[in-house]
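Trainee: Feature list, courtesy of TrEMBL:
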- 54-81: domain 'C2H2-type' (DOMAIN)
- 110-137: domain 'C2H2-type' (DOMAIN)
- 194-221: domain 'C2H2-type' (DOMAIN)
- 222-249: domain 'C2H2-type' (DOMAIN)
- 250-277: domain 'C2H2-type' (DOMAIN)
- 306-333: domain 'C2H2-type' (DOMAIN)
- 334-361: domain 'C2H2-type' (DOMAIN)
- 362-389: domain 'C2H2-type' (DOMAIN)
- 390-417: domain 'C2H2-type' (DOMAIN)
- 418-445: domain 'C2H2-type' (DOMAIN)
- 446-473: domain 'C2H2-type' (DOMAIN)
- 474-501: domain 'C2H2-type' (DOMAIN)
Amino acid sequence: MEKSEKIIELISHPHGNMTERQNLSYNCDVCKKSFSQKSNLTEHKFIHTREKLYHCDICGKSFTRSIDITRHKRIHTGEMPYCCDICNKSFSQKSNLNTHIRSHTGEKPYICDICGQSFSQSCKLTSHRLTHTGEKPHHCDICDKSFSQSSSLTRHKYIHMGKTPHHCDICNKSFSQSSHLTKHKCVHSGEKPFYCDVCGKSYTVSSTLAAHKRIHTGEKPYHCDICSRSFTESSSLTAHKRLHSGEKPYHCDICGKSFTVSSRLTEHKRTHTGVKPYHCDICGKSFSKSSNLTPHKRIHTGEKPYHCDTCGRLFSESSALTTHKRLHSGEKPYHCDICGKSFSDSSNLTTHKLIHTAEMPYHCDICGKSFPKRYYLTTHKRIHTGERPYHCDICGKSFHKRHQLTKHKRIHTGEKLYHCGTCGKSFMENSALTTHKRLHSGERPYYCDICGKSFSQNGNLTIHKRIHTGETPYHCDICGKSFTVSCSLTRHKRIHMRETISL
């Protein structure tokens, strides 16, 4: 049966066959709890129907069976009569011991018949199957948010009640879930008890390890039903879906800016508070995001883990590699919605937009031209002063701007970073690649507004227009003759050179 057919079958019959090894899943129609045996379900249903005759004399909680109150009282007494003979860990219930023993044996008898993933507990399989169906049967009656598990709904409701019953005995911070407290305590202890057996990386909570392991297996069980994109974590799918819906539920109470995920709001708020909680233990520099600290540390270590498979260049950040690869492909995915100009890097687009939208507070006191950033004014002034601070260490040639020197050096090295994906030809500059690609596409975006003729390069249009205007900007300083293009003047000057030699 195909995977898609299995999912349809699962949605139609959510409690049907799982595998031969685990027989059938019997579900309570009152609370949705699942059981592997019908007799266990029958016994369980008495909880909902039978009178609760057995009362706990400590907390007052009532039960339908004497065995249940016996188990319950162990919460108060701390009695744990079931001991693991491998690690000596103790449990209050035999079923918990049986589940624990599987952590030693590696036994995972509950198998998903759609993807084949196996689990040590039937409840974990039941939760996992909901990732295939997308079913979230438990709804919050306050905010309408839905959950795949009733326990998740219970924990969620603490948010509305403001209930944070789990307190850290070190810093007194409170949490709505015990798992959050356990995770938080690792901040104080530095403990990361969950290790990846593939790469050795360690984590404070098992759920983070489980998500991490999918990097190695390639498993992406969470699918977007709009664009079919898949994710390793359900939280990533939830955040992704907001790109389609446009929903931004997390609002800054200071400036009103909205975000799709709460972590982005937390990071944003630090722009108002100035808090920078992530510190470099080498130089002491602080950052508002942990993601900024990680690449910063590579300045000290020299680590450059991201490798370009086209030219071999190394980078300390994956984003820098992604941007760099566009030099080879010529891709410019960021477009200005005002003038249509395109950029390979989003930061360059942001800077460019200042030309259209922002103030120009930096003015040149020589020609009056204005700029959105001080750096642009500094660079511009070099035109007037003649300053060329960037020197080629091979030929000594100097330049106003750093990127001009970078381009120039490729003449000496022969480096051609920009490759045509159609014919394989390479170029030193991205602009040359862009122009070249028009030979393949036949694109001629530059039109003469007088005769309608089109050109693949703006420079060719400029030259062509001189036919209509009669402009001849290139003058011979010997005889005064003028030309429309510089190459015609160069050829003409050879006449004078030959005349001089003949004399």
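Every residue, even glycine, has its Cβ placed from backbone N, Cα and C.
Annotations in TrEMBL come from automatic prediction, not curation.
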Trainee: What does DSSP give as the helix, strand and coil breakdown of the domain 'C2H2-type' (110-137)?
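Mentor: Counting residues per DSSP class in the domain 'C2H2-type' (110-137), I get 12 helix, 4 strand, 12 coil.
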Trainee: Return the stretch with the most CB pairs under 8 A relative to the domain 'C2H2-type' (110-137), choosing among 194-221, 222-249, 250-277, 306-333.
Mentor: 194-221
Trainee: What else in the chain is close to the domain 'C2H2-type' (362-389), if you only count residues 6 or more beyond its ends and a Cβ gap under 8 Å?
Mentor: 351, 354-355, 398-401
Trainee: What mean pLDDT score does the domain 'C2H2-type' (418-445) have in the model?
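Mentor: Over the domain 'C2H2-type' (418-445), the predicted model scores a mean pLDDT of 84.
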Trainee: Report the DSSP secondary-structure composition of the domain 'C2H2-type' (362-389) as helix, strand and coil residue counts.
Mentor: 12 helix, 4 strand, 12 coil
